[in-house]
Each structure stands twice: as structure tokens, then as C-alpha cells.
Amino acid sequence: MHSCSERRMMTVIWSLCLIFCLSNSILAIAKDLCLPDQRDALLEFKNEFYVQEFDPHMKCEKATETWRNKTDCCSWNRVSCDPKTGKVVELDLMSSCLNGPLRSNSSLFRLQHLQSLELSSNNISGILPDSIGNLKYLRSLSFRTCHLFGKIPSSLGSLSYLTHLDLSYNDFTSEGPDSGGNLNRLTDLQLVLLNLSSVTWIDLGSNQLKGMLPSNMSSLSKLVSFDISENSFSGSIPSSLFMIPSLNFSGPLEIGNISSHSELGYLYMGENNFNGPIPGSLSKLVGLRDLSLSFWNTGRGIVDFSIFLHLKSLCSLDLSYLNTRSMVDLSFFSHLMSLDELDLSGINLKISSTLSFPSATGTLILASCNIVEFPKFLENQTSLFYLDISANHIEGQVPEWLWRLPTLSFVNIAQNSFSGELPMLPNSIYSFIASDNQFSGEIPRTVCELVSLNTLVLSNNKFSGSIPRCFENFKTISILHLRNNSLSGVFPKEIISETLTSLDVGHNWLSGQLPKSLIKCTDLEFLNVEDNRINDKFPFWLRSLSNLQILVLRSNEFYGPIFSLEDSLSFPKLRIFDISENHFTGVLPSDYFAGWSAMSSVVDIFDTTPQVHILGVFQGYYHNSVVLTNKGLNMELVGSGFTIYKTIDVSGNRLEGDIPESIGILKELIVLNMSNNAFTGHIPPSLSNLSNLQSLDLSQNRLSGSIPPELGKLTFLEWMNFSYNRLEGPIPQATQIQSQNSSSFAENPGLCGAPFLNKCGGEEEEEEEATKQEEDEDEEKEEKNQVFSWIAAAIGYVPGVFCGLTIAHILTS
């Protein structure tokens, strides 16, 4: 028999075993919290998209690739569940490399307990389905920087718990104020704004929304941030925005005596079509920290700038490019002691030499303000980080004290009349833009010591000498533009930095070869070496730069073939290809353009490169530019044109053989110039597939055969030139072709028909036959008319004789 102590020991052991088993069971349950229906919905959602990096500038994590069946979905990357119910409540897939549309029957909408849905910075395309309204517990929703378009679904207005809505940087549209003919009918967007009574944060910026804001916005009583900038909204700001219930003010409007309990702290309404006076009611929003009213159309009226003096909490104020004739004293804004960012671009400014400004200001943008002297007050702006005084009328040298400001990093002094040698820049400089001035001398080697330099733009000055060899030491530079100076010599062999995205050295006197070390610049998008003396073969190695979008080699001394069996070209993102006015030779194979997908029908489906990377730096204040031949004239393409303008120019070379049939797959092409070569054969009928083509130049070649009548289907084709070839036959009668000047068909002896005066042979025979037939018909008609005349005379004669005899008989009786 067991003793009592042994029995107690056994009891303890069994109790411990039981506790251990129960705890394991509980841990097992806790470990596998995910519900099967939630797991299935997530896995189906994963399979609705394919995962692939789509933008070299925006790194993404392939989060959904780690999701596996038969594992706890609540422990998956970017997924959060309610610990009590096992329902998925948060899905954060921002920058997760997702590509594809969001379908209306997506399994996402089965996750009906979602409270937070973050899908921004993905390549999610198509229309945002109404099914989004099924997620009725959503508190936060973000599709920022996707590829969504169409109308914002009205079902968003049913999300009564929603506090954060971000649909910015898409292509959403909305009805205009008169699109339905009923000005009293609320649009879907207006209904959404009226129903989101719990929302604190709304960001609809950078879309294509238009129309007017709803007249009654007082229901948005909890609004903290409201961003509708960079759209096409019109009309005026509804007064209800300044009358939300929490506002409280009394007494006369004097500086400092307005009090408000409004939650509204961020209001971005810039870059729309708002018009009329800026409402004085803005002064009631004394809690505002950020305010943007840029590009407001006051109708050249006078702006009452005293409105802004009440906004003592302002940290950021953007009043750039107001359409006003008002001149304002910059000292007007010196009372805003919390101001960190101020943009008054496009406003006529008066700046006193004794001006004292808040030293806390970090960003100051005074572009196009008619400033004639370098502002002296800047010497005391010890916190200045970003300075833009471009497009003014400032002459002389840049004062040396500017470079002693300890935090200065971004400087834009372009489009002035600064002269002298380039100043010695401080190590803090990250971006220096000094284009379109009168700087001269050599580029100083001290520039190479700027270890943080990302952007250097010295275009359109009078610099001479060679590109410093020490440029090879750059490690961080991304944009280097030395365009239109008098630089000579050869490129540094190890150019420039592997981080380079944009290089423009066009319109100089550079010689030698294009440095093959550029092959290391895997992020290079923009390469322009036009109008130099570069003597080299075609750089086939550029094909390895998969991000290259603009390639301009025109007006140099490049030579040799542009096709090689060993080095076939494939430019998946190329938008502009200009190799004109060189000495290229050889034949192009039929499939030469097969790999140029950015100009084909699949263009840009997964290309989300933000314009800022193509256009320039820091909010787009600098823009790339190239000179292209379009419709027979040279034109400068600047800024956003790069994103939509697709052109191929191989003119002025010695290319021969047939025009490649594969040219017909480049359906996004807008300009095609193959003139002044030695192309032979027929004009390929596949050109009729270029449905976006606006300009076509095939002149000065040796083309034969007829002009394909199918070209008449190209409704956007405004200009074409077939002159100086060996074409023959009738000129097609399509309107697009017949509207051209006769010079577009000159020196083709075999061409005939309008707009030429000479008729085609068949046309002359047809006209003679038609004329003879008309003469025969006229003669036959004349004979018939004579017969009818005799019959009519006979008909009239018989009754006349009868009546005459009858009357005579009566009279004699």
C-alpha cells in the first residue's frame, strides 16, 4: 500500500500533467487563431494579383509571397486579427508589389470585419468597385498612389466609422457642375463628402476631380485635414466649411482676438479652378497649421492678405501663383512666428532692405516675384533649408554669406542674371540649380568635394573648359545637367556615379566616345548628348539599362549600323529615341522594334514612375527638356510631355532597306521621322496601326509603290510628308491625306490626283467617258423635248380648230 505522502505526490504529478495538457491545448488554440474562412479569403486575394516590382524608384516588399495554406493567417506578414474572434481586422499591404485590378467580386470584400485597409503604392488598376462599401467597419482606407480611375463609388458614404480616407495620386474623375443638366442634383462625390460624418482625414489630392464642393459641409465636424489639391474643382469654397459646429468666435475681426475650437488643421485646396475673392472667413480657422490656396483665380482682383495674419498657428502657407494684381510687402508675413514653409511664387513682392523675418523659416520659395536685388534678410535665416528665388531679375554675384547658412541644402537660383565664376558651395548642399544665368569660367573642382550632392544643374550658362575629371569621384549624384555651355574635351571615362538617373550634356563641344561606364548606371532614365562632336559606334550596351526612357544622340558623329545579331536592341521603357543627324548605316530587320514595349499597345500598364523622377527634383521645380522635330519644325519638349510624348527620329542618316514591318506594333507612337535616309521598298501598311500618330515624315528616301489608303484611318494624323521619293499611283482621297499641302507629295513623278492638278490616267478616261455619256443623254433629252413639243402643239391645235368652227357656226346662224 502507498503511504499518504506517496498518494499526495501522485496527485500532484497527475495535476501537473493535466495542467500541462490543458495549457498545451490552450496554446495550440491561441497559436492557430486564424479562422478557415478568413485564411481562404486572404489566399484567394493573394492569387488575384501577380507580384512583381514595377518601379525602380519605389522599393516594394513581396509580402503576400510568405502567406501559406495550413498556417495561422493571423501570424502572416502584414495581417492582424482580433485576438478574441480571429477575424482579420487590419490588412497593411502598402508597397507590396501587387499588380492587377481590384475586381468587384474580390475575396477581399469577404473580410467584413476589416477596420484598416492599406493598399497604397501598389499597381492596382481599374475602377474602385462599389463593393468597397461592404466593409462597413472600416476606420481607415488608403489607395494612395495606385492606378485607379473612374468615379469614386458612392458606397464609400455608407462607411459610417471611417475616419481616414486617402485616395490621392490616382486618376479618379467626377461629374462637372452641369454634366447632368441639373445643378441641384448632388454628384456621387458630393454625397460621399456629406455622409462621412466621422471622418477626420480626407486626401483626394492629385486626381482629375472637377465640379463644385457641396454647399453644406458642416456635417464634417471632426475634420482635421482636408486635401483636394491638384484637381479641377471650380467655383468658390463653400461658406459652410467655416461654419462647422465646433467653431466659436465673437467680436470684431482683429488680430489675435479670434478663438476657435475647430479641429481643422490642414487645408490643401491649391492647383484647382477655384475663382473669385479668397473668402475672409478663412481667418476664422485659427487652428490651421498648413494652408494651400495656390493657383487661385481671383480674376486679377486685389487679395486681402490681412486674412492670413489671424492664422498664428500656420507652419506652412502656399499662396503661389494667385491670379492677382496685388503687390504685397513680404514683411506682412513676418508676424507668423511659427512659419516654417512659405511659397509666394508668382506674386509681385516688395522686400525691404531692413526686413526682419522669423529665423525659424526652413523653406522659402519666392520664384517669379519680380525681385531685382538679392534679399538681404536671408543672411539671418539660420534655419533655412530650402531656398528658391528662381525666375527673377537679380544681377551680379551671389553673396558669399549665403553659403555660410549652416543648414542650407536646396538652392534654386535659375533664370536670373547672376554672373562671375561659380561660388564655392558648402558641404551641406544636396541640390544646386543655377541654370539660365551668366556664370562663366571653368566648373570648379571644389564641386567634387560635395559628398551629399544629388542634383547639379548648370545648363544654359557660359561655362568653358572640360568636365572635371574629379567628377568620377561622385558617389551620390542623381541628376547632372550641363546643357548648352561651351564645354569641350572628352568625357571622363568613369562617369559619373552609379546612382545617376538623368544626364544632359547636350549643346556643347564634347568629343571622343560615349563612356561605356554608363552601363553601371542601372537607374538611368534620361540621357541627352545632342549637338556635340562625339565620334563613336552605336552604344548597343545601352540595352542593359532597362529603365532608360529618353535617349537623344542627335547631331553628333555617331556611325555604323544600329542593328547587330549579337547586340539586338530591346528598350522596354523607351519613350523618346532620337538618333537623327548622324552617320548611321545599314539595314533594319523586320522585327527591329519588337522589344520596344513602352511604345506598343502594352505601354505603361505597370509603369508607375512618378513624374518627379522624370521631370526633375524636389516637387518638380526643375524640368528636363529636349528639342525634337515635330511636323517639320523644331520644338522644345519640357516637363510633363515626357510622360505622354512618344517619338522615334532616325532622320538624317544613311539607313537603307525596307522600313521594318514591326513599326506597326508601336501603337502609342506620336511622332515618326524616318526622312533623309536611303530606305527602299514600299511604305508598310502596318503604319495604319499607329492610331495615336500625329506626325509622319518619310520624305527624301527611295520609297516606291503607292501610298497605303489605310493611312486615311489615322484620325489624329495632322501632318505627313512623302516628298522626294519614287511613289506612284493615285493619292488616297481620305480627308487626313487630302488636307495636306501639295508640297508633302512633291517630287514623286508617279503620283497623281488631288491635291495635284494632274489627273491620273484612269481618271482622264473615266472623265472622257462620263462627258460623252452626259452629251448623249443631253442630246436624247433634247429629241424627247422636241417630240413632246409637237404632241403638245397637236393637242392644242385640234380643240382650237373645233372651237373656232363652232363659234363661227353660231355667229352665222
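Cβ atoms are placed via backbone N, Cα and C, with glycine included.
Positions annotated as signal peptide by Swiss-Prot, on the basis of sequence analysis: 1-30. If you look up Swiss-Prot, you'll see 31-786 marked as topological domain 'Extracellular', on the strength of sequence analysis. The annotation N-linked glycosylation site is assigned in Swiss-Prot to N69, N105, N123, N195, N216, N248, N257, N380, N673, N689, N721, N741 (among others). Summarising the annotation, Swiss-Prot assigns repeat 'LRR 7' to 261-285 and lists sequence analysis as the type of evidence. Sequence annotations record features per position, and here Swiss-Prot assigns repeat 'LRR 9' to 311-335 based on sequence analysis. Annotation source Swiss-Prot lists repeat 'LRR 12' at 382-405. Among the features that Swiss-Prot reports, repeat 'LRR 13' is placed at 406-432, with the record citing sequence analysis. According to Swiss-Prot, the feature repeat 'LRR 14' maps to 434-450. The repeat 'LRR 15' feature in Swiss-Prot is assigned to 451-473. If you look up Swiss-Prot, you'll see 475-498 marked as repeat 'LRR 16', on the strength of sequence analysis. Here Swiss-Prot flags 523-544 as repeat 'LRR 18', drawing on sequence analysis. Summarising the annotation, Swiss-Prot assigns repeat 'LRR 20' to 572-595 and lists sequence analysis as the type of evidence. Sequence annotations record features per position, and here Swiss-Prot assigns repeat 'LRR 21' to 642-666. The repeat 'LRR 22' annotation in Swiss-Prot covers 667-690. Annotated repeat 'LRR 24' per Swiss-Prot: 716-739, in sequence order. Under the heading region 'Disordered', Swiss-Prot lists 756-785. Residues or ranges marked as compositional bias 'Acidic residues' by Swiss-Prot: 763-781. Annotated topological domain 'Cytoplasmic' per Swiss-Prot: 808-813, in sequence order, evidence recorded as sequence analysis.
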Sequence-distant neighbours of N380 (N-linked glycosylation site) in its chain (C-beta under 8 A, six or more apart)
S356, F357, S359
What are the DSSP helix/strand/coil residue counts across the repeat 'LRR 22' (667-690)?
5 helix, 6 strand, 13 coil
With the cut-off set at 10 Å between Cβ atoms, which of these glycosylation sites ends up with the most neighbours? Options: N195, N216, N673, N689, N741.
N673
Between N689 (N-linked glycosylation site) and N741 (N-linked glycosylation site), what is the CA-CA distance rounded to a whole number of Å?
24
Give the number of CB atoms, excluding that of N123 (N-linked glycosylation site) itself, located within 10 Å of its CB.
24
Please spell out the DSSP helix, strand and coil residue counts for the repeat 'LRR 24' (716-739).
4 helix, 8 strand, 12 coil
If H, G and I count as helix, E and B as strand, and all else as coil, what does DSSP give for N105 (N-linked glycosylation site)?
coil
Measure from the CA atom of N69 (N-linked glycosylation site) to the CA atom of N673 (N-linked glycosylation site) and give the result in Å, rounded to a whole number.
55
Based on Cα distances to N721 (N-linked glycosylation site), point out the closest of the glycosylation sites N105, N123, N195.
N123
Spatially, which candidate from the glycosylation sites N105, N123, N741 is nearest to N195 (N-linked glycosylation site), comparing Cα atoms?
N105
If you measure from the Cα of N216 (N-linked glycosylation site), which of the glycosylation sites N69, N123, N741 is the nearest?
N123
DSSP helix, strand and coil counts for the repeat 'LRR 20' (572-595)?
0 helix, 8 strand, 16 coil
What is the three-state DSSP composition of the repeat 'LRR 9' (311-335), stated as helix, strand and coil residue counts?
4 helix, 7 strand, 14 coil
N123 (N-linked glycosylation site), DSSP three-state class -> strand
Among N69, N721, all listed as glycosylation sites, which has the most CB atoms within 10 Å of its CB?
N721
CB contacts for N105 (N-linked glycosylation site) [other CB atoms within 10 A, all chains]:
10
Based on Cα distances to N741 (N-linked glycosylation site), point out the closest of the glycosylation sites N69, N105, N123.
N123
